[in-house]
Amino acid sequence: MGRGNNSHYSDFLSSLLFEMSMILSASVIRVRDGLPLSASTDYEQSTGMQECRKYFKMLSRKLAQLPDRCTLKTGHYNINFISSLGVSYMMLCTENYPNVLAFSFLDELQKEFITTYNMMKTNTAVRPYCFIEFDNFIQRTKQRYNNPRSLSTKINLSDMQMEIKLRPPYQISMYELGSANGVTSAFSVDCKGAGKISSAHQRLEPATLSGIVGFILSLLCGALNLIRGFHAIESLLQSDGDDFNYIIAFFLGTAACLYQCYLLVYYTGWRNVKSFLTFGLICLCNMYLYELRNLWQLFFHVTVGAFVTLQIWLRQAQGKAPDYDV
């Protein structure tokens, strides 16, 4: 009975892998900058395969902006990938290769890579293909998935089938990828920094500890200004003689602090200029409020404003990903 079930399962896998459908290559890529960590070394030299290598490069530059499970259809070939813990696992297969096997293959690569290499190694890697020895596992696994009978007792497809059904891979269009047949799209223009749309998609460098501290201090200053502003409104309502301009100064100070937090987190056009203007507004507000604050309070607010402005200036937009030969 067991042999009959195994034979039926093998026949099922064989029917899935029809018309020479197969996995052709695979790569392991770091998400944040597209650095290739490992890859299979058996690329064919056909025109179609060379074109797919270009798509690999283009995808590697956009991994941080894409969902963690995607498919790109490129005519006779499909490119599938999954991303987890800052690493993406990408594979190229023929267009008729079953999705359930493709993502099961990627899942095996992911589990083995995470088990073999810790995050510290992958995060600090500087050379392309510094884990090229992982190709041995890629090759063995690829051979298994290209031979359906060898899979009959080694994988369980039902869980992956259910997962793909509940959360199907995101279908990437050529427009999103940035180029199709040499025609530059809006994304390509964005990467070159041209046009106003580019600022909406620009990514900043990873936040540092000093940047996080500056963000928290700026929020604190904004909260202090907000509280003093409400107290000034109470005093005005009680006719204690507080100048209405003090209320405006406190709320302008609050808005300036919050805007500094925004500039620290998000990229906008003229970001550095805006940060200096915002710091100037903070200084003007505190100059006007000098009668209501002691020297130490003024020093604290101005110093925090200057510190956050420096952090905004230091946290610049990420440059274009290097053109690694993925």
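Heads up, the Cβ atoms here are built off N, Cα and C, so glycines get one too.
The domain 'Longin' feature in TrEMBL is assigned to 27-138.
What TrEMBL records for 207-227 (among others) is transmembrane segment.
Taken from TrEMBL, the feature transmembrane segment covers 247-266 (among others).
Annotation source TrEMBL lists transmembrane segment at 273-290 (among others).
For 296-314 (among others), the entry in TrEMBL reads transmembrane segment. Nonlocal intrachain contacts for the transmembrane segment (296-314), taken as residues 6+ away from its ends with a CB within less than 8 angstroms of a stretch CB, comprise 208, 210-211, 214-215, 217-218, 220-221, 224-225, 253, 256-257, 260-261, 263-264, 271-272, 275-276, 278-279, 282-283, 286, 289-290.
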Long-range neighbours of the transmembrane segment (207-227), counting only residues six or more past its ends (CB under 8 A): 250-251, 253-254, 257-258, 260-261, 264-265, 285, 300-301, 304-305, 307-308, 310-311, 314-315
Within-chain partners of the transmembrane segment (273-290) [C-beta distance under 8 Å, separation at least 6 from its ends]: 225, 245-246, 249-250, 252-253, 256-257, 259-260, 263, 298, 301-302, 305-306, 308-309, 312-313
Composition by DSSP (helix, strand, coil) of residues within the domain 'Longin' (27-138): 50 helix, 30 strand, 32 coil
